[in-house]
Structure formats: structure tokens, C-alpha cells
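Over in TrEMBL, the protein carries these features:
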type	residues	note
REGION	1-43	region 'Disordered'
COMPBIAS	18-31	compositional bias 'Pro residues'
TRANSMEM	47-67	transmembrane segment
REGION	67-126	region 'Disordered'
COMPBIAS	72-89	compositional bias 'Low complexity'
COMPBIAS	90-119	compositional bias 'Acidic residues'
DOMAIN	126-170	domain 'Putative host cell surface-exposed lipoprotein Ltp-like HTH region'
DOMAIN	178-224	domain 'Putative host cell surface-exposed lipoprotein Ltp-like HTH region'
REGION	207-227	region 'Disordered'
COMPBIAS	212-227	compositional bias 'Basic and acidic residues'
Amino acid sequence: MSDSHSHQQGLPAGQHPPQEPHPGQHPPQQPTPSGQTARPWFRKKRVIIPAGVLAFFIMVGALSGGADDGPEPVATATPTVEATPTDEPSPADEPEAPAEEPEAVEEEPDADAAAEEEAPAGTVSQQNAYRSAQSYLSFTAFSRTGLIQQLSSDYGEGYPLEDAEFAVARLEAEGEVDWLEQAVKSAENYLSFTSFSRSGLIEQLSSQHGEGFTREQAEHAADEVGL
């Protein structure tokens with residue numbers, strides 16, 4: 001009957017249809033290749049799902065953290081230009097007030113220039129007498145008296161006595177004549193052509209008929225020529 005029933009189910013002979021488990025019984029577990037009992041599917045899922053979820057969150061956190069941990073934009077520091085304080089000029093650096101220029105001191109004219117300015121030009125006759133006196137002194141020696149006589153004598157230049165005296169006074173005022181020097185020159189001229197004693201030379205120089213020098217001028221000339 002069993003065989004006929006099996007044939008009725010379309011099964012080969014000798015095989016029976018699997019029996020359904022009774023309520024409250026678990027289906028038979030098939031052994032795993034390693035000989036260990038396989039865990040129920042709901043236990044595997046309980047472990048795998050949390051692990052996958054954890055891996056997912058770790059991945060998301062890594063991505064979000066990586067985005068957050070990226071190089072933050074570096075704030076470019078704007079260089080602050082400090083204004084260099086300008087040194088205020090110290091009192092020592094301030095330009096000094098220009099020193100007052102010394103007042104121009106008027107130079108006093110020397111005696112010769114003053115004498116030349118003060119000496120009157122004189123008349124035409126006096127000016128001519130003055131030039132004649134300069135010419136006489138340029139080639140020979142004269143005393144003051146002898147030069148006036150030479151200018152005013154009828155045997156000389158024939159100028160009026162006043163003009164002759166004016167010419168000699170102008171020579172003295174302008175420093176053009178030194179009577180001591182003229183006495184020495186006259187003594188040298190006498191000794192150049194004749195011999196004289198000291199007293200004879202002094203007499204010749206101071207005589208009214210000789211050169212007309214003063215006694216002091218004649219003695220000075222004798223001393224200078226060695227008598």
C-alpha cells in the first residue's frame with residue numbers, strides 16, 4: 001500500500017515523501033562541512049547587520065571627517081605697515097639764524113693818501129713849479145732852502161717865491177722828499193770829486209753859500225760818509 005502510495009505521489013520506489021514537522025519541533029539541521037553546527041539565520045543576521053551598520057557609520061564619519069579635516073584656508077595676514085615716526089628736529093638740528101654780518105669797517109686812508117687829497121692842486125704856475133721840483137730831485141740832491149732858491153732865482157727857473165715854496169711844501173706833504181737823505185747824497189757828491197775834512201764838509205753843506213742844509217742835517221751826513 002505504501003508502495004502504491006509512493007507511486008501515486010510520483011516518487012521512485014523506496015523513497016518516502018518528507019514528513020512535515022510537528023508543531024513545536026525544529027527542522028533538522030544539516031551538518032556544515034567543518035563538522036560544526038551552523039547558526040540559525042536569525043543569529044547570523046543579528047551579528048552581520050550591526051557590523052555592517054557600524055562599518056557604514058565609520059565610513060561616513062571618515063568621509064565627513066576627512067572633509068572637515070582638510071586644510072583650512074589660511075588667513076592671509078595683511079602686512080601692517082607701521083608708520084615710521086618722523087623724528088622731530090631737535091633744537092640743535094634747527095637751522096641757526098644767520099649770523100649778523102659784521103659791519104663794514106671803513107678803512108682809514110693812510111697818511112700819504114690823506115696828504116695827497118688835502119694838498120691843493122694850486123694854480124697852473126704852482127703845478128709847474130711842483131713838477132720842476134720833482135725833476136731836480138730826480139738827478140741831484142738839494143736842501144730845502146737850496147731847492148726854493150733854484151726854483152725862484154732868476155738864474156734858475158724864475159718862478160715866483162710863493163710858487164716855489166708851494167711846490168716844496170707839496171713835496172713834503174706827499175712824502176716825496178727826506179732832507180736827511182738829501183744831505184747824505186750831497187756829501188757823497190762832494191767827496192766823489194774832491195776831499196773834505198769833517199768840519200770842512202759840514203761847513204760846505206750848511207753854509208748859505210753852499211748847499212743850505214741845517215747844522216743837524218750836515219752833521220748827520222758827515223756821520224753817514226764816515227767822517
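Residue positions begin at 1 at the first shown residue.
Backbone N, Cα and C atoms are what each Cβ position is placed from, and that goes for glycine too.
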Legend entry - Overall pLDDT of the domain 'Putative host cell surface-exposed lipoprotein Ltp-like HTH region' (126-170), taken as the mean: 95
Inset, instruction - Please work out the helix, strand and coil residue numbers for the domain 'Putative host cell surface-exposed lipoprotein Ltp-like HTH region' (126-170) from the DSSP assignment. - result: 33 helix, 0 strand, 12 coil
Inset, instruction - Residue list, the region 'Disordered' (207-227) vs rest of chain: Cβ under 8 Å, 6 or more residues beyond ends. - result: 141-146, 149, 179-180, 182-184, 186-188, 191, 196-198, 201
Inset, instruction - With DSSP as the yardstick, break the region 'Disordered' (207-227) down into helix, strand and coil residue counts. - result: 11 helix, 0 strand, 10 coil
